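Written out below as structure tokens is the structure these notes cover.
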């Protein structure tokens, strides 16, 4: 029989009963946190409890499409595999995306549901991460200090629904694994402190980093800081303390190396990706603004660390300095830790440390969940010692001071006042009752029930309030993702699919930034942190548009661009505002043979003609004819002056073949374009937003082409912004192309059978990203060459077969390092097992692992 101290009472418990209570408390934390989240979503009318979509920002643009693609992979319904994605960007590496966006283990539940219900498993990723994070935190708090598991569960609810989850984590399911990782790695560090379970602790670290290495690294830093505090508080000799830290360091190193394939693949993919827009830190919030983030129920109108953990946690953290039952040294170290971590979130050098040495685009405070976790731990340090009336009143005074200092901040809303006043009074009264009647079992149960109801109500209201505030913002208007129209588009794509003979493009990307993943087909739209720079540049050079400095590409919208990429069917909504039309187009074969390619990069039209191998455009020499006079800077292009209000627009004139089709290309032009009966607004902004080639109209009988530009500010267009397409010449050119006799494609490779004795260069309409290796007639494989961004394979004196395979950069090296780490782990496990066998039976001494 063992004994435990609970709310000041010594209770006799057996090992089995203790385990049941621990499991029950962890389950209670999960049930309360997930229940509060669901109640808040139901009241707000949010999916799956209402009609409002959850798919805000990246949740709709990335995570729903990526989970739909994962469903396809799990059901064998995809043209690609884990290594390569044939759907997006006309062929892109996929393993980096998988290990970054889809390694939360709850993401894999998507395969259990119908594809058209993909939004539900994506919701479950968030919900179950909240539940598991709360449960694991409940367990860890018991390792931090003994005490009632039920009270630990109530504090853990505040962690599971902390401000970071409601503001930052819930729209990004991959980050939600960080909520689990912090207490998980903290448990591993606890075993280092007790010199036990090194192997299991190492696996915990690996699980944290594999699930999401970004938040896993943040969680490891946080858990390491907590371990330093705990080591400093022990009464062990210096040598023993260093041994603990050495065990922890070794555990983290081996655990991280076990995930080397994840790390190496991600690093290689990141280096090969289109550079992100330059981010800079705008400076820290004011002190009172920062303090106001401790108050629950609100959301700031600007970027700040989101850290609140509910009113129960806040009152207890505030009571810690006044809790005389906690050693002064312990109180001091915990508050020093909280202050230092809080300060590290708003100092640029340490922001870089938290975020992998790069200022993130978007919020600079993505590690805020770590501080929320530390606040809950500090709250438990006080609650586990049963704060008396003096400590509680001191804590109430400190909370009142925070309210006084932060009351005018934008994050303080009506919900904040309700939670702090009514909720605070309820929590203070219940906590005082816990101390006052600690020997009365009935009173303890009644007080515990009051606390549980108060925590449930407070967490629900706080979740509802934050969600309602966020959803009123224009930036967070949701995508529909799965609707009758998107399902109809999915069916249309499947009916027309003819891969790998031709491509079916699901443009014009109406539903999400990753329509090819959501709808199927093989398109140019692709939105990912790992979008290859080669892909972005190829599509840009061919006249396609992009956003976010090329991290979100679009399909070409002109006939030649589509033809070069083998698109024979595409979806168009321009003529059907309430739906879409499946349109057919002429296209080149995916694999063509060219006797010789002479790249001409003087204009977008010249690049297209080089890849086509024929002249299909008239490229007129434009002359300024009216309005503010532009300046030509050689091949760099024209500088367009701002158009005076009410004044004449800058006008260009040129001559093309009558009856040809005129197109305009001004990727960085911001203003209005008018010509040949067409008028449209261009939103170009170098380098963030590139506009695609746009149709102007049919060249009249006199051959004169006039283009007018209205610019609100000085702008730029290419030196040759107009191209006039001869549709007959395009048809002839496509008909004369020498294509492969057959093409077969696997998950990450393809083979093309060519006419016997083919010479010159086999041109594959696939971006020449790093990792492609090709062979001719079964010969030795070599790295694929790039021809204006596409894969080119020299055929030598004559060939009849080309075969290419994609090998993920970094994967082989990562697997080798992981195998070494696994060998170390196995060796430690074997040594530990042999040590245990050598201990005489009946010995009470634990065997260090």
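In case you wondered, yes, glycine gets a Cβ from its N, Cα and C as well.
Among the residue ranges 390-408, 466-484, 485-503, the one that TrEMBL annotates as transmembrane segment is 390-408. TrEMBL tags one of the stretches 70-94, 95-119, 120-144, 170-194 as transmembrane segment, and that stretch is 120-144. The transmembrane segment (363-383) shares more Cβ pairs under 8 Å with 120-144 than with any other stretch in the list 120-144, 414-434, 446-464. Here the transmembrane segment (414-434) has Cβ contacts under 8 Å with residues 7, 295-298, 310-312, 314-316, 383, 386-387, 389, 392, 396, 399, 403, 443-444, 447, 450-451, 454, 457-458, 461-462, 464-465 of the same chain, all six or more residues outside its ends. By number of Cβ pairs under 8 Å, the transmembrane segment (446-464) is matched best by 23-43 from the list 23-43, 150-167, 213-233, 304-322.
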